[in-house]
Amino acid sequence: MSRIIMGIESSCDETGVGLVRLHDDGTVELLADEVASSVEQHARFGGVVPEVASRAHLEAMVPTTERAFEKAGLALSDVDAIAVTAGPGLAGALLVGVSAAKAYATALDVPLYGVNHLAGHIAVDTLQHGPLPAPCLALLVSGGHTQLLRVDDIASGITELGSTVDDAAGEAYDKVARVLGLPYPGGPPIDKAAKNGDPAAIAFPRGMTGPRDAKNDFSFSGLKTSVARWVEGATRRGEEIPVDDVAASFQEAVADVLTMKAVRAAKEQGIGTIVISGGVAANSRLSSLAAERCAAAGIELRVPRPRLCTDNGAMIAALGAHVVAAKLPTTPLDFSANPALPVNVVSLS
Ligand code: KG4
Ligand code: ZN
């Protein structure tokens, strides 16, 4: 008998409600993925304003839920289990999703699972490409996180191999976009501008690639500063900023380091599959360079479609389905959101 899992996401500026069907053979099918974004309300501040995000979640939660059920042609009473992002994320934002999930779980008398947002970014790939091979290596690149993870079991076995020591990759995109006068969030406009630029125009630094640097860690703060200095210098000299070339050269530096480190880690761990996910996985150069380097190394590459890479409820529903399939304990109703939930805690018990 297949089961319907509802997923609720509210860790940052996207209110997401997803519905999936967990089949008896363990495969997970996407039924609905509705997202309401408050990104436009944050744009003029150049970053997410937590209080604004929380209020937007509050307003969007019920309508987004209703849309998801309508899309899937299901009723609330069809739900067999609920998964919700318990962390990491913004405290006030998480609280809205967690409260809604507790209310739905109580009203429907179904089990509740508080799950990890980062693991959700990996689990979402199973909706598009089927079960994950074990082990696989995940490169998680979003606005708040940049991590290399070894995934032995999506429901219970995630180990961090390395992470950024300063800015996340997406954060670097957002900050560089600001320097170039491009809108927030910076990923999409930089990606677009870079298509018309020369990636070799400016030799920006590749952070943490020295012989004594931690192999699996990342640093993007030096790169961001270097771009800002370069633009300042050109402005001082009265030169017009070649936005396309700066964007392409910056993007090349990010994609180069991310793919080089991911492929090297996979080889060292003897892992044959790399999954790239999180908002920055939507980047065209990151996926093309990753495809090139994985092919050269004989590694399978999986990148979910852009819509699944950015924050959404389907990723939480997918992870919930894997946790249910693994028969892991449910989360007691009195649990709290944990803004700093570590990545190795896939679900709370
Ligand atoms: O995963 P996500 O939606 O939210 C977080 O959990 O942070 O990631 C958002 C980040 C933003 O920094 C945004 O600029 C970046 O993903 N992003 C991109 C692209 N699309 C979104 N970065 C590079 N290229 C893109 N095409
Ligand atoms: Zn995310």
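Every residue number used here counts from 1 along the chain in the order it is shown.
A Cβ is built for glycine as well, from the same backbone N, Cα and C atoms used for every other residue.
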Additional site residue, Asp311, Asp334 [criterion: listed by TrEMBL with His117, His121 for Fe cation]:
Asp311
If TrEMBL says Leu140, Val141, Ser142, Gly143, Gly144, Asp174, Gly187, Asp191 bind substrate, which of Asn283, Asn312, Asn338 does it name for the same site?
Asn283
From Leu140, Gly144, Gly187, Asn283: binding-site residues whose CA lies within 10 A of His121 (Fe cation binding site):
Leu140
Please list the binding-site residues from His117, Leu140, Gly187 whose Cβ falls under 6 Å of any atom in ligand 1.
Gly187
Mind running the binding-site residues Ser142, Gly187, Asn283 against ligand 2 and keeping the ones whose CB falls under 6 Å of it?
Ser142
Which residues in the same chain, at least 6 apart in sequence, have a Cβ under 8 Å from the Cβ of His117 (Fe cation binding site)?
Glu9, Ser11, Thr85, Gly87, Pro88, Gly89, Asp311, Ile316, Leu341
